[in-house]
Amino acid sequence: MKKIAVFTSGGDAPGMNACIRAVVRTAIFHGIEVYGITYGYDGMIAGNIKKMQSHSVSNIIQRGGTILKSARSEEFMTKEGRKKAYDQLKALEIDGIVAIGGDGTFTGAKVFFEEFGIPTVGCPGTIDNDIYGTDYTIGFDTAVNTALEAIDKIRDTAAAHDRIFFVEVMGRDSGYIAVECGIGGGAEFVMVPETETDLKKVVKSLKNLRKSKSSSIIVVAEGDEEGNAEVIMDQVKNKVNDEDKEFKVTTLGHIQRGGNPTARDRVLASRCGMAAVDGLISGQSNCMAGVVNGDVIYTSFEDCIGKTKPIKGDHLKLIEILSI
Ligand code: F6P
């Protein structure tokens, strides 16, 4: 292993910079040249590849976003696109790759490795926490804390006006962000795609809650099978049928992707970044470095993409019990 390349791809996540920093510095520590690819797979295809030094990653550990930029590449999904990318890496004699991203990134990395054989190790960078092979993904903790801060603020105004708020959080097909900020924010309900949302029960409970609570917070994961927060709010409002009650929707959106990474995300990102380079050196490939039960482990891209990481049942129970 003499020259490696690192890139970020898919939705950016707070902590990606800390991960890039760890990859660059670990590589340099081991005497390996390291190159940064900008704009993910698109940049690989276009040859946006530059050598990085230790100082290239100075003063970034605390910054959200990604200094290497990110993109979702259509061209890399084609064989021709991947061949162009391979030619660019071959010209620079790159013999190892660190891919920082989520399941889309790893799907691309797996195909690319199988076609062209450049050893590749991934780091789980996504706010969604939907990757098997790591308890948490880089960016998840920051996103949850951002959403939680927003919920705390919404709670103030909800209480002041006796309103019912539906707060939509990100996560694509995963309800992890919703569950954690729902528990932390004391939500009355949390709606996630992993479990069937029983709107009848929500309506019944809201009617009952009226006796004990004047305002309520309902966290809706954007991927819930009943629809987005607006759609769900309309249905619930019609059925609660209470003229005196005001219903509001707040969609938190991309605010959840920005901001300074939390300590947890910085440490996780640094550990995964170092483990990715160590893994390449020791012959790991076609896999992701993640942290499970406190230990760094390598999980094949196939499992990372193919297996699911279910939300713990006691988390869902907790919301139900604590909201009475
Ligand atoms: O995967 C991260 C994520 O923020 C999801 O939670 C969300 O569904 C999606 O990306 C939004 O993507 P975009 O930034 O392309 O709109």
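Positions of Cβ are set from backbone N, Cα and C atoms, glycine also.
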Given that TrEMBL annotates R21, A22, V23, V24, R25, G186, A187, E188, K211, K213, S214, S215 as ADP-binding, name the residue from R155, R257 that shares the site.
R155
Which residue of G11, G15, G171 does TrEMBL report at the same ATP site as R72, S73, G102, D103, G104, T105?
G11
Could you tell me the C-alpha distance between R172 (substrate binding site) and R21 (ADP binding site) in angstrom, no decimals?
27
Under 8 Å by Cβ from S215 (ADP binding site), counting only residues of that chain that are 6 or more apart:
R155, A158, A159, H161, D162, R163, I164, F165
At the Cα level, what's the spacing in Å between D128 (substrate binding site) and T105 (ATP binding site), rounded?
14
Report the mean pLDDT of the predicted model across the domain 'Phosphofructokinase' (3-279), rounded to a whole number.
97
